[in-house]
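Okay, structure first, notes after.
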Amino acid sequence: MQRAALFSGGDAQMAAGDLGELLVPYMPTIRVPKSGDRVYKTECAFSYDSPDSEGGLYVCMNTFLGFGREHIERHYRKTGQCVYLHLKRHVIEKVPGASGGALPKRRNAKLFLDLETNGDLNSDDFDYEDEAKLVLFPDHYEISLPNIEELPALVTIACDALLSAKSPYRKQDPDSWEEELQASKHAKTLVQLDNGVRIPPSGWKCSKCDLRENLWLNLTDGSLLCGKWFFDGSGGNGHAVEHYKETGYPLAVKLGTITPDGADVYSFDEEEPVLDPHIAKHLAHFGIDMLQMQVTENGLRDNDIKPRVSEWEVIQEAGVKLKPMYGPGYTGMKNLGNSCYLNAVMQAIFSIPEFQRAYVGNLPRIFDYSPLDPTQDFNTQMAKLGHGLLSGQHSKPPMKSELIEQVMKEEHKPQHNGISPRMFKAFVSKDHPEFSSNRQQDAQEFFLHLINLVERNPVGSENPSDIFRFLVEERTQCCQSRKVRYTERVDYIMQLPVAMEAATNKDELIAYELKRREAEAARRPPPELVRAKIPFSACLQAFSEPNNVEDFWSSALQAKSAGVKTSRFASFPEYLVVQIKKFTFGLDWIPKKLDVSIDMPDFLDINHLRARGLQPGEEELPDIAPPIIIPDDPQALDIDESAVMQLAEMGFPLEACRKAVYYTGSLGAEVAFNWIIAHMEEPDFAEPLVVPAFGEVASSGAAASGAVGLDNQPPEEMVSIVISMGFQRNIAIQALKATNNNLERALEWIFSHPELEESEPALDVMDMENNANANILAETGSEGPRIKDGSGRYELFGFISHMGTSTMSGHYVCHLKKEGRWVIYNDLRVCASERPPKDLGYIYFYHRIPS
């Protein structure tokens with residue numbers, strides 16, 4: 001970064017004394033960013049405006065928040081802050097040289113903003129110039145920079161510090177290595193030796209020792225070498241690092257991490273994990289076709305391996321010329337590094353009218369009542385994302401001249417289109433051990449996490465998540481006494497088991513398995529995959545059948561007994577989300593995926609699954625709780641591993657599942673599930689289980705009874721503090737719930753929601769309780785969670801598909817039906833779908849057919 005270029009030379013617009021005198025009234029409001037301050041100099045807090053936008057970006061010199069031209073006045077009126085640093089990047093076409101090509105340029109001294117360059121522009125034809133100036137409101141008086149001699153020293157230091165500030169999305173925890181990856185400075189100019197090296201699909205080992213794990217491919221000469229040694233004895237002998245010190249070849253990719261979605265790349269020179277925007281080209285140099293790769297436990301598979309190749313091709317509709325779609329509702333989302341799960345879920349969410357009305361329809365009100373830091377407000381970030389996807393401002397077709405050039409160059413990248421959900425991801429994943437990382441995640445788990453955030457941050461009288469909520473009636477029967485118990489719980493997803501035993505092509509599957517084993521024994525490439533074909537009716541039947549309840553405690557017998565449980569719909573939601581339970585665990589506890597084809601229907605009728613309640617002749621089990629047993633040795637864990645596995649298959653972290661089962665006394669997956677819902681936002685949610693000694697107090701994240709925290713009530717002492725400041729009790733509780741019991745943010749939240757003081761307390765309390773209890777066990781009284789019951793007839797309008805071997809790897813895309821035709825949303829690429837793979841989906845979205 002050429003920071004010195006900003007503050008050297010330049011024409012003064014007025015005398016130094018005049019400038020100093022002009023800025024004197026504003027000096028108390030100008031701050032120098034210090035360690036821990038987040039500086040948002042690349043993106044508007046309310047929109048996707050950036051220094052690349054036509055109006056540039058205004059950065060507040062007090063709060064360091066960025067605002068586009070459309071929103072800067074709102075911030076000035078709300079805060080009275082007058083001094084902003086205006087940042088603008090100009091794209092300039094290079095002047096042709098005598099030979100017709102662009103004049104070479106060794107270094108651009110006018111490029112000082114820490115921004116990504118537009119990958120859609122050819123760097124040989126275009127150049128960038130950055131401009132910065134101070135702007136004083138309300139008169140919009142501009143002071144061009146550089147102006148080091150004319151400006152007061154504090155202003156100069158503040159401007160320089162702001163421009164030098166690191167990305168606000170880097171993790172603040174110094175002990176954490178997970179952070180926003182940056183493109184390597186070597187990626188674009190990397191030299192690759194033409195030495196004829198080709199990497200085989202398997203059988204790798206370090207060229208300097210016999211290690212076969214933690215191997216790195218040097219992208220310059222193709223050397224296969226082992227990685228660093230770790231303190232626990234794993235890793236390697238450090239031969240990859242030694243090779244760099246000997247040769248200076250800077251980039252290496254870890255074998256076993258290469259997928260069509262990317263790969264793990266490390267820069268020895270920069271000493272950190274990096275992004276390589278040209279990784280596909282660099283791998284192709286050594287004979288690796290990135291689009292045909294997948295992650296495996298022990299390596300990768302190449303073109304000869306068909307099981308996942310066909311899945312990647314079919315789901316992404318490879319080999320078919322797809323027509324790009326533009327306009328409102330057809331905006332792509334940038335992949336931030338394994339963030340495709342978030343992109344797919346949010347595209348589906350904002351295709352639903354109720355979410356569009358709640359956030360985009362209420363956008364002016366949400367923005368006007370947003371807190372002083374809108375980057376930390378869920379509703380603001382939802383409204384921003386929804387407007388970015390639906391406005392059409394970031395999905396414009398190329399101009400005719402651009403289209404011709406695009407065809408001539410045979411390029412099909414979107415031109416200046418799509419949005420980067422970086423600010424949204426940073427907020428919704430905050431304090432979550434998995435979503436805050438750059439690792440791949442389960443889309444179903446993220447969907448539930450999002451619904452939880454929607455529930456905790458009401459946007460109006462009706463919560464848009466109400467459309468997914470339904471009641472499940474569970475009938476549990478003691479096999480010995482024949483007595484029954486009926487309970488109800490709230491759910492948001494219908495989880496459909498895969499009925500493998502009902503496959504219609506069993507003979508083909510048996511023949512394929514024999515050929516596969518023969519090929520494996522002979523070390524030949526496996527045969528072409530035969531995918532199991534499962535009737536949807538069989539999966540629906542498996543859902544409705546009784547399931548055995550492990551370690552069932554019968555209140556009629558006052559002892560453990562055999563029990564069976566049957567689930568039915570006590571209500572049908574307005575929008576039905578169906579998850580196909582494709583993911584399971586092998587004997588080695590490694591998540592695996594069932595590669596199946598299910599004939600999912602366009603029209604679905606599940607009215608026959610309507611709950612009927614207690615039937616004539618049935619006798620209820622006594623309402624007696626099982627005794628609490630204190631073990632002689634508290635450290636001896638008695639955990640129902642089958643219940644742990646059931647929860648883990650839903651996508652929850654394994655350690656969280658173990659804690660849930662332990663703290664609910666191994667009473668089954670159902671009770672443990674409710675514990676998870678009540679504790680999933682706690683910072684130690686996914687931390688390993690630590691059992692306190694007898695007499696010790698368990699941590700708040702591990703309430704031993706399982707019921708503690710289910711009411712989601714803030715600590716009474718914090719409620720009292722807010723009430724002592726003159727606020728009503730109901731408002732204090734609502735503010736603390738909306739801010740996860742953060743007292744400072746709760747007060748700011750109250751001031752940003754003045755309309756609450758005008759509402760009736762009784763109604764507010766009832767509304768709050770509905771929202772608080774919406775994700776736990778349903779109340780039997782009339783004040784339970786709001787349910788939108790109706791007919792059980794539905795029509796399919798979208799589905800999310802997963803490619804890869806497990807939720808820990810792979811890629812997600814989304815197909816949505818819009819304006820009568822299917823559209824594929826593959827990160828930034830939005831196209832009309834020609835062959836929507838409805839049989840290979842993972843999560844399906846249905847809407848109710850009006851009666």
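Residue numbering: from 1, along the chain as shown.
In case you wondered, yes, glycine gets a Cβ from its N, Cα and C as well.
What TrEMBL lists as active site, nucleophile is CYS340. The annotation active site, proton acceptor is assigned in TrEMBL to HIS811. The Zn(2+) binding site annotation in TrEMBL covers CYS206, CYS209, CYS226, HIS239. The feature domain 'UBP-type' is assigned by TrEMBL to 182-290. Among the features that TrEMBL reports, domain 'USP' is placed at 331-849. The annotation domain 'UBA' is assigned in TrEMBL to 638-679, 713-753.
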Cβ-centroid neighbourhood (8 Å) of the Zn(2+) site, CYS206, CYS209, CYS226, HIS239 excluded: LYS205, SER207, LYS208, ASP210, LEU211, LEU215, LEU225, GLY236, ASN237, GLY238, ALA240
For the domain 'UBA' (638-679), the number of residues DSSP places in helix, strand and coil: 30 helix, 0 strand, 12 coil
Other C-beta atoms that fall within 10 angstroms of the C-beta of HIS811 (active site, proton acceptor): 24
Rounded distance in angstrom between the Cα atoms of the residue listed as 'active site, nucleophile' and HIS811 (active site, proton acceptor): 6
Structural state census, the domain 'UBP-type' (182-290) (DSSP three-state): 16 helix, 23 strand, 70 coil
The residue listed as 'active site, nucleophile', number of other Cβ atoms within 10 Å: 27
Among CYS226, HIS239, the most crowded of the binding-site residues [Cβ within 10 Å]: CYS226
